[in-house]
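Note sheet for the following structure.
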Amino acid sequence: MEMESSLPHVMLVSFPGQGHISPLLRLGKIIASKGLIVTFVTTEEPLGKKMRQANNIQDGVLKPVGLGFLRFEFFEDGFVYKEDFDLLQKSLEVSGKREIKNLVKKYEKQPVRCLINNAFVPWVCDIAEELQIPSAVLWVQSCACLAAYYYYHHQLVKFPTETEPEITVDVPFKPLTLKHDEIPSFLHPSSPLSSIGGTILEQIKRLHKPFSVLIETFQELEKDTIDHMSQLCPQVNFNPIGPLFTMAKTIRSDIKGDISKPDSDCIEWLDSREPSSVVYISFGTLAFLKQNQIDEIAHGILNSGLSCLWVLRPPLEGLAIEPHVLPLELEEKGKIVEWCQQEKVLAHPAVACFLSHCGWNSTMEALTSGVPVICFPQWGDQVTNAVYMIDVFKTGLRLSRGASDERIVPREEVAERLLEATVGEKAVELRENARRWKEEAESAVAYGGTSERNFQEFVDKLVDVKTMTNINNVV
């Protein structure tokens with residue numbers, strides 16, 4: 001215990017969403033492996049209890065990770081989860097500020113040296129400032145999306161408005177223009193989820209507070225955007241440290257943050273398939289398509305002659321939504337699961353392509369696994385990520401423009417895109433581009449690579465008491 005109390009202690013605070021928990025927990029494991037103590041904090045609901053059950057987590061118990069340790073803490077936010085994001089955020093901020101302060105006090109014999117949050121809990125920066133603890137942020141979207149929010153907040157270019165909803169946004173980095181339905185949709189005045197954009201903008205307002213903005217990307221992938229933002233905001237320390245899931249592969253640890261136990265025989269089933277014969281399908285944890293769109297996708301797969309591994313999650317508890325139903329023929333031809341270890345699935349040679357909602361975690365995992373993507377974005381950063389995969393990274397094909405498109409993509413179009421991504425010259429081109437990005441990603445996290453160097457510099461600051469004291473005096 002004496003040795004553990006002498007290790008530098010970092011506290012990570014995550015918004016309660018799988019797409020936020022996964023990358024922040026990966027970061028936590030990598031930090032811990034360098035010889036630090038990491039306390040990972042999120043709420044009991046809606047995911048904390050499920051995480052415990054799926055991963056046998058014990059609150060407050062230190063588990064060894066590399067040279068250090070990691071533990072979990074969960075707190076009640078007093079909110080019954082429904083579809084009201086505003087109420088969730090208000091409740092989360094009120095309870096979160098109180099509970100994080102209590103946790104910092106609880107571990108005063110292992111003083112918290114740094115607070116790290118993701119962008120959906122921007123108030124963590126305020127707590128750090130109040131307690132005079134240095135802070136950092138993990139940005140779990142692309143640097144391009146960060147730039148879009150920054151440009152919007154500072155009114156550097158014109159964005160769509162209620163009177164001019166179809167403005168094209170000009171940006172000084174690739175792809176140079178973003179159509180009105182290609183910007184992060186939370187910034188569009190017609191978005192029913194604009195309050196989510198408001199939360200992210202609260203983090204943009206606080207970009208001057210953290211001593212480091214860690215970005216889940218890598219220099220080679222978004223070089224011009226990262227360089228542009230570094231020049232535009234010289235007072236902000238932008239550090240691309242991704243892909244985190246590739247970096248985390250080197251750590252031997254059974255710590256996971258999944259909200260469901262993954263299907264145990266996915267890989268065995270893939271082993272029984274021919275190379276490049278399976279379409280992997282997942283729309284993340286929150287995107288929930290209409291049943292008639294699910295029907296069209298299912299019949300499109302059947303018409304293509306390909307097999308599929310489809311992650312089909314039940315609706316979140318508390319939401320009045322009927323579970324999806326698939327044709328029996330598809331269930332016989334493919335494999336339907338509620339959850340799987342996506343990074344292992346994407347790395348399997350049987351997987352030909354990925355039909356994805358284009359969340360950034362999925363985008364990074366596909367790019368760094370060398371797998372082409374059929375883009376079916378819904379909202380938020382997904383619509384922007386799709387543009388980059390199709391037009392900039394050149395590893396994707398478009399199947400949808402997003403939920404605002406308000407159309408059901410027919411089965412004929414689904415089958416056509418599936419075959420285009422798996423057979424012929426275009427398929428070869430997509431896979432070759434994806435292979436190149438995979439190599440770039442591996443180089444970035446290898447010893448001496450751009451992400452590895454950025455991450456090591458960040459850890460060196462966490463470990464060095466003098467550096468952290470100086471940072472604290474500045475903030």
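Note that Cβ sites are derived from N, Cα and C of the backbone, with glycine treated the same way.
Per Swiss-Prot, the UDP-alpha-D-glucose site holds HIS357, TRP360, ASN361, SER362, GLU365, ASP381, GLN382; the candidate it also names there, chosen from GLN341, GLN342, is GLN342.
Highest Cβ count within 10 Å among the binding-site residues GLN342, ASN361, SER362, GLN382: GLN382. Within the same chain, residues at least six positions away from HIS20 (anthocyanidin binding site) with a Cβ under 8 Å of its Cβ are SER14, ASN118, PHE120, VAL140.
Using Cα positions, the member of the binding-site residues GLN342, ASN361, GLU365 nearest to GLY380 (anthocyanidin binding site) is identified as ASN361. Under the three-state DSSP scheme, TRP360 (UDP-alpha-D-glucose binding site) falls in the helix class.
Annotation for HIS357 (UDP-alpha-D-glucose binding site): same-chain Cβ neighbours under 8 Å, separated by at least 6 residues, are SER282, PHE283, GLY284, ALA287, PHE376, PRO377, GLN378, GLN382. Its Cβ taken as reference, ASP381 (UDP-alpha-D-glucose binding site) is surrounded by 26 other Cβ atoms within 10 Å in the chains shown. Around TRP360 (UDP-alpha-D-glucose binding site), the C-beta neighbours below 8 angstroms that are at least 6 residues distant in the chain are GLY19, VAL140, GLN141, SER142, CYS145, GLU216, ASP381, ASN385.
In the three-state DSSP scheme, ASP381 (UDP-alpha-D-glucose binding site) is classed as coil.
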